[in-house]
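Some notes on the structure that comes next.
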Amino acid sequence: MLACVAGLALLLLLPGCASRSYELSPGGEPVYFEDIDEGRKLALRQAVLDSLNRGQSAQRLRVGDTLEVMYHVREQPTVERYRIAVGDRLSVAFGDDSGLDFATGVQPDGWITLPDTDDVRVAGLTVAEVNRQVSRQYADLLVDPRVTVRLEEWTGEAERLAEDIATFEAGRAKRVAVLRDGSITLPFLPPLMAQGHTVGEMRARIKAAYDALGLDLDISVLLADSPGDRVFVLGAVQEPGVLTTDRPITVLMALAQAGGPNPDGSLSDVRVVYMDAEGVPRLRKVNLLNVLTTLALEEDMVLPDNAIIYVPPTVLAQTGKMLDLILNQILFYRGFSISTSYEILGGD
């Protein structure tokens, strides 16, 4: 019987001799890291180092993050002639008929009121175009009207945007949260998808969106608040549970924060389940012993939000538990047999 148990233990130990790190996607075949070329390995190592060195700037935004968008208006001349906008103030002079002179503001609907004649829409026109419009309106009332329209006060769209969002606490800045659908909303813009992008990428996207509207703005974007990434650590570790971090973290770092493996834990067979940037679930098997002993950083990875790490027991630990189970069953069976035989023989 003992020979059989020893043989079973040997069979259980054999599969644990080689542990190869790999990446697996749904419906695909495992991609073993030892089989990829050196150029790809170098790129993967560098990606891990770059993420750790950049810290929060490499963090991918998620639902619940808060961005602070700061607006800086550049005082530079525009290429085209200025076009009248809502809130601008115009003066209209009639030459020798100065008693007819008046000033007016551009109403929210883009129109101005002209005394003794119909209103005209001026938003989007140049000053010269407004001058012609007003002259036509008074042509039936005055003989050869000499009209001069001047732009007295103006606020460009970029300046108005900055003023609209100005607050006592933050100045020309606006805080926006990443909504449940992964988007953010900003003045004058349609919703922009933010989830999965870095802060630097969002700055470029916001700037491009305002540029497309002809708004001459410099944009700064900061991560004002974040609930942090959650990483779930399970299995044969000292402190299983949920880790929360606001900085990039690798599998090895997460396991260290969980107190490391317990005496039964296997560093060579760690499993990581996570969602990639496209939302596709993936499984990675990581041989952390290889990472520690040969600095094979390409086998490690920077963990995304909600990644799950599972540290399995070593083959030896599994074998020991199986042997305990088998021996307990044998001893229980023998004890039952002895007790039954004793009763049959009539023992007290």
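Glycine residues also receive a Cβ, built from the backbone N, Cα and C atoms like all the rest.
Annotations in TrEMBL come from automatic prediction, not curation.
Database features (TrEMBL):
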type   : residues : note
DOMAIN : 78-151   : domain 'Polysaccharide export protein N-terminal'
DOMAIN : 230-277  : domain 'Soluble ligand binding'
SIGNAL : 1-20     : signal peptide
Across the domain 'Polysaccharide export protein N-terminal' (78-151), average pLDDT on the 0 to 100 scale: 86
Tally of residues which DSSP labels helix, strand or coil - the domain 'Soluble ligand binding' (230-277): 7 helix, 21 strand, 20 coil
Residue counts (helix, strand, coil, in that order) that DSSP gives for the domain 'Polysaccharide export protein N-terminal' (78-151): 15 helix, 17 strand, 42 coil
